[in-house]
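A.B. asks: Feature annotation from Swiss-Prot assigns region 'Ubiquitin-conjugating' to 1-20. Residues or ranges marked as domain 'Protein kinase' in Swiss-Prot: 14-305. According to Swiss-Prot, the feature ATP binding site maps to Leu20, Gly21, Lys22, Gly23, Ala24, Tyr25, Gly26, Ile27, Val28, Lys43, an assignment based on sequence analysis. Residues annotated as active site, proton acceptor in Swiss-Prot, with sequence analysis given as evidence: Asp138. The annotation phosphothreonine is assigned in Swiss-Prot to Thr176. If you look up Swiss-Prot, you'll see 301-380 marked as region 'Requires for interaction with GABARAP, MAP1LC3B AND GABARAPL1', on the strength of similarity to another entry. For 370-503, the entry in Swiss-Prot reads region 'Disordered'. Look at Swiss-Prot and you will find 401-414, 491-500 tagged as compositional bias 'Basic and acidic residues'. According to Swiss-Prot, the feature omega-N-methylarginine maps to Arg449, an assignment based on similarity to another entry. Per Swiss-Prot, the feature compositional bias 'Polar residues' maps to 454-465. Taken from Swiss-Prot, the feature compositional bias 'Low complexity' applies to 481-490.
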Amino acid sequence: MCAAEVDRHVSQRYLIKRRLGKGAYGIVWKAMDRRTGEVVAIKKIFDAFRDQTDAQRTFREIMLLREFGGHPNIIRLLDVIPAKNDRDIYLVFESMDTDLNAVIQKGRLLEDIHKRCIFYQLLRATKFIHSGRVIHRDQKPANVLLDAACRVKLCDFGLARSLSDFPEGPGGQALTEYVATRWYRAPEVLLSSRWYTPGVDMWSLGCILGEMLRGQPLFPGTSTFHQLELILETIPLPSMEELQGLGSDYSALILQNLGSRPRQTLDALLPPDTPPEALDLLKRLLAFAPDKRLSAEQALQHPYVQRFHCPDREWTRGSDVRLPVHEGDQLSAPEYRNRLYQMILERRRNSRSPREEDLGVVASRAELRASQRQSLKPGVLPQVLAETPARKRGPKPQNGHGHDPEHVEVRRQSSDPLYQLPPPGSGERPPGATGEPPSAPSGVKTHVRAVAPSLTSQAAAQAANQPLIRSDPARGGGPRAVGARRVPSRLPREAPEPRPGRRMFGISVSQGAQGAARAALGGYSQAYGTVCRSALGRLPLLPGPRA
């Protein structure tokens, strides 16, 4: 690792272990928090505010992760650290072992139970997002992270949009641009429909399910026209009413040219041993008309994931998500950066631990306590990820029907970062932001303090905070870590780490599934790289924090 790649104030806080991947727009490292011993993934985004598009995407992703990060199937953003050059930015995430794209590419590593388990967790995350009237718009295997216990974390919210900020039309909300990966785009997106609904995510989930069942993408189109061609050769042709409902100006002309081509059935694309309930769910998700696709809540009740279904653990938000800056307000890149840095400085002054009451989810305290006591059943560990010790078998929770299926349960972890993102629904926003603030739970006060918006003053404040310690006059003037619990100053003893014999991680390996969209839009990938099977077996288990 080149020392110049990591700013000094970042390396003082996190011990960089190794680089997981590098692309044109960023680097991802595996690291360890020097204070807590927690293993994390640090993503450095190059020129995160190079233009209005990238600045808005960075701002949007951080704000949405703030809203959704309390869900067990959505990646947790632990820390946001501005770079010294005032252009790059560091995002610190919880560490995951691999992504679904890498696992599928290895071939025959997932048993039927693993596929059901993974898809159930994806549906659970999607239901939570949609309950806040947000659509992800970029669900694909590379954005589905996995760990050794087969736990799923949905990531990369840079293209997500809040439907609350857009006018509603006859078929949904009006969105102006869409640049997600082509292979997972819904027909209404390919046909430039003027109205989008949560159905675009359900189509993407259908494509992900089909790819897990088939072992390769269902519709690997090389162009928009070819993508439509592959889709309409497989699913039932739409009716005239369904075409008119899309609100597309030229959908009828395109479909007229494609409707006479030879056809094939969806089950012909899948292996002969595909479970009948999997095929049925796939057909219900890959319906041409968005309003005829299953919703996430309906799909959770489908027989394919019935053994995991437990309504008390399938959370919903109590209110819509509204970003601090209205989606319709186009700020300049420096304005997005200033707003974000103001919020970082404000959070550092008011660092506090998140409370369960602030999560903005409909879940009882008893269910939350039960979720902390249980973990994923060890019988569903995929062989490719079996690098951690097996967990003890816990009691199986009962569902509302009285029988005892296997359930997915993810233990919530705690962390004390210097910059603790506020809990969802805290209602806080930067000074001067337009639009409505997020709805706050009853009894939760919002705090908005004025911060000088100039970059000079912010840089000075940042430089003063770079050592990540401050003096505490009340405790005798000694240094203390802001927002962190006190732990012994001695670092956890590191286990010897074997040097890899070959290149283990590479962003380019999964480029086929990502398509050329990333290069075209000038964005960045949040994939954590591709992991080979032998490399996973050599990954050392880092010790946790000492008592």
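Note: Cβ is positioned from N, Cα and C throughout, glycine not excepted.
Owing to the predicted nature of the structure, the values given are computational and were not obtained by experimental measurement.
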A.B. asks: Please state how far apart, in Å and to a whole number, the two most distant Cα atoms are among Leu20, Gly21, Lys22, Gly23, Ala24, Tyr25, Gly26, Ile27, Val28, Lys43, the recorded ATP-binding residues.
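C.D. replies: Maximum Cα-Cα distance: 14 Å.
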A.B. asks: Within a 10 Å radius of its Cβ, which of these binding-site residues (Leu20, Ala24, Val28) has the fewest neighbouring Cβ atoms?
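C.D. replies: Selected from the binding-site residues Leu20, Ala24, Val28 on minimum Cβ neighbours within 10 Å: Ala24.
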A.B. asks: Pop the Cα-Cα gap between Asp138 (active site, proton acceptor) and Ala24 (ATP binding site) into the table, whole Å please.
C.D. replies: 20
A.B. asks: Taking only the Cα atoms, work out how far Gly26 (ATP binding site) lies from the residue listed as 'active site, proton acceptor', in Å, as a whole number.
C.D. replies: 19
A.B. asks: If you draw a 10 Å sphere on the Cβ of Gly26 (ATP binding site), how many other Cβ atoms land inside?
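C.D. replies: Gly26 (ATP binding site): 22 neighbouring Cβ atoms within 10 Å.
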A.B. asks: Between the Cα atoms of Asp138 (active site, proton acceptor) and Lys22 (ATP binding site), find the distance and write it as a whole number of Å.
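C.D. replies: Cα-Cα distance, Asp138 (active site, proton acceptor) to Lys22 (ATP binding site): 21 Å.
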A.B. asks: Indicate the candidate from Lys22, Asp138 with the smallest number of other Cβ atoms within 10 Å of its Cβ, considering only these recorded positions.
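C.D. replies: Selected from the recorded positions Lys22, Asp138 on minimum Cβ neighbours within 10 Å: Lys22.
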A.B. asks: Which state, by DSSP, holds Ala24 (ATP binding site): helix, strand or coil?
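C.D. replies: Coil, per DSSP.
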